[in-house]
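Annotated features in Swiss-Prot:
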- CYS107, HIS110, CYS178: Zn(2+) binding site (BINDING)
Amino acid sequence: MDAVVKLFKEQAETEAQRQMPVHRPVDAPRPSRAEAEAAVRTLLAYIGEDPHREGLQETPARVIRSYDEIYGGYALSPDDVLDRTFGEIGSFDDFVLLKDIPFTSHCEHHMVPFMGKAHVAYFPVERVVGLSKIARLVDLYARRLQTQEHLTSQITTALDEALKPRGVAVMIEAEHMCMSMRGILKPGVTTLTSQFTGAFRDDPAEQVRFITMLRGLR
């Protein structure tokens, strides 16, 4: 029986290693799942809880499993999402806009959520990407510890490098729980960030048209 348990643990650890994020500092070894669960127990004790009481006995394992999902963006790169493009764009010469892409991310300062919507547009030159891929790209970066500014920049850069379009426009609107549920306690405040490249950056009229389409379609 002990041999079976040992084998199961080894398999579990192997599976955990397979999930190792690809974007980690090379000098930062990843703690084991058991070590991560122990850290959760420490935090439970720190806030004044008894991590051994019945209702919390499975909490460390649940928290770490949820982290595998919430922070799953570390295990992917933009190339995994934008690996397939299409060249059949015909005579289309305007920009493609996806608006109101919902997302939830976590603030890197307090590890509490911020959530909102991303609006993404690009001017294709020779190739386009599937619409779902843009939403997946937003999720990829949102499922990491973030600042809203960095999230905006990462989405913009990834599309710019993968598609080589005439321009990219990204706007994000979000509410940050670090303002709503702690600190200044101001729920309902919306933070807006934007970044433009190419035609969107160089031609203010295109920026106006981008924003007009966002507001006009609500």
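Start at 1 and count along the chain as shown; that gives each residue its number.
Using the three backbone atoms N, Cα and C, a Cβ is placed for every residue, glycine included.
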Worksheet, complete the sentence: HIS110 (Zn(2+) binding site), Cβ-centred 10 Å count of other Cβ atoms over all protein chains shown, is 16
Practice prompt. Can you see whether DSSP assigns CYS178 (Zn(2+) binding site) to helix, strand or coil?
Written response: helix
Worksheet entry | Tertiary neighbours of CYS178 (Zn(2+) binding site) (same chain, Cβ under 8 Å, six or more apart) | CYS107, HIS109, HIS110, VAL112, PHE114
Worksheet item: To test your reading of the Zn(2+) site: which residues beyond CYS107, HIS110, CYS178, same chain only, put their Cβ within 8 Å of the Cβ centroid of those residues?
Response: HIS106, GLU108, HIS109, MET111, VAL112, PHE114, HIS176, MET177, ARG182
